[in-house]
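A.B. asks: Please read through the structure below; I'll follow up with questions.
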């Protein structure tokens, strides 16, 4: 009997979800942050989607969000010409980093001492978070707005993507090492430290390159325009989503399409595997995040495997379901609890 994928839907945002990121695995589990055009990035428990809090302070759409490895700090990039660093435990804003244009991407070094930013002014900036009053180091060379910028090779190098170019930079010399040019717009970029793999999406293509040399490894073609892709931590699977509202799962070694699901009511903007590889999260134009099982039918998080004779053959149904909460009500909750990010919770539902 085929097992049916039952995603968990995480509501609370009121505009399209455009970026998401997981923390590493901590003693308290792992965590998920989402960036949204409503200007209110949200922090959730990664394995269940349970809402922890909302970071309030941006005055424009938030385009990028990330957590440091141990989930003690968060960083966000926004259309209000700022990047912000937050205490992810208390929800307090730690610093605001002013820019000259829209900021699209943020990334911490492994030790959380430096923050890399990029945006519409075509400059990469490196901030020393221990010296917030100091001017950032700047790297120029991009010819259009920067969409994504990531530390790589143990923070010795930087990967960045603008409209049709991916560039590799040396951190010590602040110079370009190599670049890749594409004939269409680059929609996303993911860096996999284990194996130094770079995942790039453009058009219908999902391409894998060496993060050290930028040499090609392999590429797949999807049935629709892809906005984001993510490689499983064990490099067994690849998931991707895009303009046709569907999520695709591929065998990384053979390129065979294993599964496809239509679970959103709008284009998918971002998809990422959890650090343990047990699930992947997707964010969409429809304003929701959804969590999907990598192995359908496994008991994990809110999913419970039920034997056929116990429940008419339906497996891996979420154990709990919360009633619908209108978005207007969620906004009221957020405004009522603006003093603390730990308060009433948007729902996670099947």
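Any Cβ shown, glycine's included, is placed from N, Cα and C.
Fair warning: this is a prediction, and the values are worked out from it, not measured in the lab.
Got these off TrEMBL a minute ago, pasting:
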COMPBIAS  325-334  compositional bias 'Acidic residues'
COMPBIAS  337-350  compositional bias 'Polar residues'
REGION    313-350  region 'Disordered'
REPEAT    55-96  repeat 'WD'
REPEAT    96-137  repeat 'WD'
REPEAT    139-179  repeat 'WD'
REPEAT    261-293  repeat 'WD'
A.B. asks: At a C-beta cut-off of under 8 Å, are there same-chain residues at least 6 beyond the repeat 'WD' (261-293) that contact it? List them, or none.
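C.D. replies: Distant contacts of the repeat 'WD' (261-293): 5-11, 13-25, 30, 32, 34, 36, 38, 44, 46-49, 188, 190, 227-234, 239-247, 300-301, 303, 316, 327.
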A.B. asks: Across the repeat 'WD' (96-137), what does the pLDDT come to on average, as a whole number?
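C.D. replies: Overall, the repeat 'WD' (96-137) comes to a mean pLDDT of 96.
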